[in-house]
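*Asks:* Here TrEMBL flags 1-22 as signal peptide. Marked as disulfide bond by TrEMBL: Cys31-Cys46. Taken from TrEMBL, the feature domain 'Cupin type-1' covers 60-208. What TrEMBL records for Asn95, Asn105, His110, Glu115 is oxalate binding site. The feature Mn(2+) binding site is assigned by TrEMBL to His108, His110, Glu115, His154.
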Amino acid sequence: MAILRSLLLLSLAVFVFTSCRADPDPLQDFCVADFQTGITIDGFPCKPASNVVSDDFFFGGLANAGNTNNIFGSNITGGNVQSFPGLNTLGLSINRVDIAPGGVNPLHSHPRASEIVFVLKGELLVGFISTANVFYSKVLKAGETFIIPRGLVHFQYNTGKDNAVAITAFDSQLPGVVVAPLTLFGSKPAIPIDVLTKTFQVDASVIQLLMSKFGQATSPYN
């Protein structure tokens, strides 16, 4: 019953959350993404309605735990339009976040969406930094939620002794993600070392160490 109540609360939150979604309003019942046309637009063209099937509106990718065996100890399974084509033009998406004890969904931002974090299991410290450089955070337990405003840098960190699971919902079909350490120290081509040493006020050897660590790191986002 506790899980059922939690899922009902999440459904209500997503409904309210998406009533002011970031993506444009659709002009038809649905527009299942057609990835075969080769046409590039801001979004994806629609599959012909005659070819749409029930499975286009189904996604089972969040049912299984993600592999957290990486340097961050976390795994994010994405349920956005690229894996769930029925979301096209509907202005919402959903992720599953698995974090091992002591693991982190590292500092990152979503340039195209606000986010609601709903903890299903375990204990997570969730926080974001505003443009006024103020840090807001809360330790969440199962059944509790936290809002991340659009575009702000944020994280989730497992402060508990067991694996934690959260569901994150977004008001965009494709929120995008910028993972800070991978972006700064693992971009290709690399950001010039002089820029990074001046920005962070450290020696080049420190930047080179960080580049060696994150240059080949695997993103926790799937």
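Note that the numbers count up from 1, one per residue, in the order the chain is shown.
Backbone N, Cα and C define each Cβ position, glycine as well.
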*Asks:* Spatial neighbours of Asn105 (oxalate binding site) among the recorded positions Cys31, Cys46, His154, defined as Cα within 10 A: which are they?
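*Replies:* Those close enough are His154.
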*Asks:* On the 0 to 100 scale, where does the mean pLDDT of the domain 'Cupin type-1' (60-208) fall?
*Replies:* 96
*Asks:* Which of Cys31, Cys46 (the disulfide-bonded residues) has the most other Cβ atoms within 10 Å?
*Replies:* Cys31
*Asks:* Determine the most Cβ-crowded residue among the binding-site residues His108, His110, His154, using a 10 Å radius around each Cβ and all protein chains in the structure.
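*Replies:* Within the set of binding-site residues, the most crowded position is His110.
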*Asks:* What recorded positions in the list Cys31, Cys46, His154 lie within 10 angstroms of His110 (oxalate binding site), counting C-alpha atoms?
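*Replies:* Candidates kept after distance check: His154.
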*Asks:* Name, in the order they occur in the sequence, the residues of the same chain whose CB lies under 8 A from the CB of Asn95 (oxalate binding site) and which sit 6 or more residues away.
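*Replies:* Asn95 (oxalate binding site) has long-range Cβ partners Leu62, Ile76, Thr77, Gly78, Gly79, Asn80, Ile167, Thr168, Ala169, Phe170.
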*Asks:* Measuring Cα to Cα, tell me the gap between Glu115 (oxalate binding site) and Cys31 (disulfide bond) in whole angstrom.
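*Replies:* For Glu115 (oxalate binding site) versus Cys31 (disulfide bond), the Cα atoms are 23 Å apart.
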*Asks:* Can you tell me the CA-to-CA distance separating His108 (Mn(2+) binding site) and Cys31 (disulfide bond), as a whole number of Å?
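*Replies:* If we compare the Cα positions of His108 (Mn(2+) binding site) and Cys31 (disulfide bond), the gap is 30 Å.
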*Asks:* Which residue counts does DSSP yield for the domain 'Cupin type-1' (60-208) in the helix, strand and coil classes, in that order?
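*Replies:* Going by DSSP assignments, the domain 'Cupin type-1' (60-208) contains 23 helix, 58 strand, 68 coil.
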*Asks:* Looking only at Asn105, Glu115, the binding-site residues on record, which one has the least crowded Cβ, with the fewest other Cβ atoms within 10 Å?
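*Replies:* Across Asn105, Glu115, these binding-site residues, the one with fewest Cβ atoms within 10 Å is Glu115.
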*Asks:* Would you mind reading off the Cα separation of His154 (Mn(2+) binding site) from Cys46 (disulfide bond), to the nearest angstrom?
*Replies:* 33
*Asks:* Given the Mn(2+) site residues His108, His110, Glu115, His154, which other residues of that chain have a Cβ within 8 Å of the mean position of their Cβ atoms, reported in sequence order?
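*Replies:* After dropping the recorded site residues, what remains is Ser109, Phe128, Ile148, Leu152, Val153, Thr168, Pro175, Val177.
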*Asks:* Pairwise over Asn95, Asn105, His110, Glu115, annotated as binding oxalate, what's the top Cα to Cα distance to the nearest Å?
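*Replies:* Roughly 14 Å, rounded to the nearest whole number.
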*Asks:* From the centroid of the CB atoms of Asn95, Asn105, His110, Glu115, the recorded oxalate site, which same-chain residues not already listed sit within 8 A by their CB, in sequence order?
*Replies:* Ile76, Val97, His108, Val117, Ile148, His154, Thr168, Phe170, Pro175, Val177
